[in-house]
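Now, the feature entries from TrEMBL:
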TRANSMEM  7-25  transmembrane segment
TRANSMEM  45-67  transmembrane segment
TRANSMEM  79-102  transmembrane segment
TRANSMEM  151-171  transmembrane segment
TRANSMEM  192-212  transmembrane segment
TRANSMEM  224-248  transmembrane segment
TRANSMEM  304-325  transmembrane segment
TRANSMEM  360-380  transmembrane segment
Amino acid sequence: MKAARAIIISLILGILFGWLIRNVIQPNQTATASLLEYLGMASDIFIKLIKMIVAPLIFASLTLGVINIGDNAKGLGVLFARVLGLFLISSICSLFIGWFIIDLFKPGLSMTEVGKSLLEAGTTAGGKFDSSSISLSHFVKETIPDNVVNAFAGNHIIQIVIFSLFFGFALTKIDAKGRDAIRDVLDGIMHAMFAICHSVMKLVPIAVFASISNVIIKNGFGVLYTYLVFILEYYLALIIVWFAIYLLSLKVVGRKINQLISALIPPLSLSFATSSSEVAYPAVFEELENYGVREKISSFVLPMGYSFNMIGSMVYFSFAIIFITQVFGIDIAFTDKLYIFFMLLVTSKGIAGVPRASIMVISSAVTAFHFPAASVLLLLPIDAFADMGRSATNVYANAVMTTFIDKWHKD
């Protein structure tokens, strides 16, 4: 809660500072350029720190996920297949709901001038978008790494994802002693990246202040209206997701599901207020037990859901990526969008549970498909507001879908 409060305060201060510089102080052109350069520098530092940890974090966590899936699949068979199938379908549907809503209203089109100014300023890495980076031939060519060291050195996220999947699968085939030794090393790497991530995320208020000030100084208050529209449309998409899950629950479980939803109001409120789905986990687990879900089901499905069924986050990912393409005037074909969403789908499974994980996932997509690095800065001012809704949605979806598995899977 303190982190969210700090971000909101820095957002307000950044807006006021930008307004004062643009409308009250009105320094000369040289002074304004110097100020914008320093603000851009603060934003650049944050972006570089994020990009620094994305590759090792994805490698370690995604490889561990594949190993754990292999272990679980051997012993749980049908249950595992049902859970993974349900989560995969729900994640894909969520991506498409977000895509449909953002494509319908197109809020990013009102910020195209902001996108042009960010590109012309040249203060952030990434340059201009290269449309060939997501063509079919380029995608196929660049997916499989010919040198894993170069993949890490160049921060080629797709290649790292592919290598992690192969490496994790290979580890499931070796003897337990060797596998466990490597698992311990990967676990250490992952937690070290978590520690760095936690430290870097303390800089979010500074990055938010710098990015929103920069945008206001250059473009005025008009961008705030677009941000408000973005948030309202995102919450509309979340409402659609909630309603769809509720209708499905009536079909699968019946009206008894209303008892569970009523009981979930306190943990849902907690996750919304704290922007964290993890803090609600104990209460959700207890309410599922009170509802009548078998412990063997809830103890397996709920933890998997927290890693593999982040529905609210999936909606946000498609929202964010399409918003970025609208702001920067990037024309992407339907099939290319599918490639990007596939990458988001896979990458998000590797770093679920990381503080501000959405920024990490979007940053990886920005890097992989050569979007302007400033894309991440566009989202920072509103990420805290989106995070509240997606955290509560993740909790709601995982709790309700656990009852689906309990209904379908019989001993």
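Here the Cβ of each residue, glycine as well, is placed from N, Cα and C on the backbone.
Across the candidate stretches 7-25, 79-102, 151-171, 304-325, the maximum count of CB pairs under 8 A to the transmembrane segment (45-67) is reached by 151-171. Contacts between the transmembrane segment (192-212) and the transmembrane segment (7-25): present, as 3 or more C-beta pairs lie under 8 angstroms, all at sequence separation of six or more.
Of the recorded ranges 7-25, 151-171, 304-325, the transmembrane segment (79-102) has the largest number of C-beta contacts under 8 angstroms with 304-325.
A Cβ distance under 8 Å defines the sequence-distant neighbours of the transmembrane segment (151-171), meaning residues of its chain 6+ beyond its ends; these are 51, 54-56, 58-59, 62-67, 70, 139, 142-145, 179, 182-183, 343, 346-347, 350, 364-365, 367-368.
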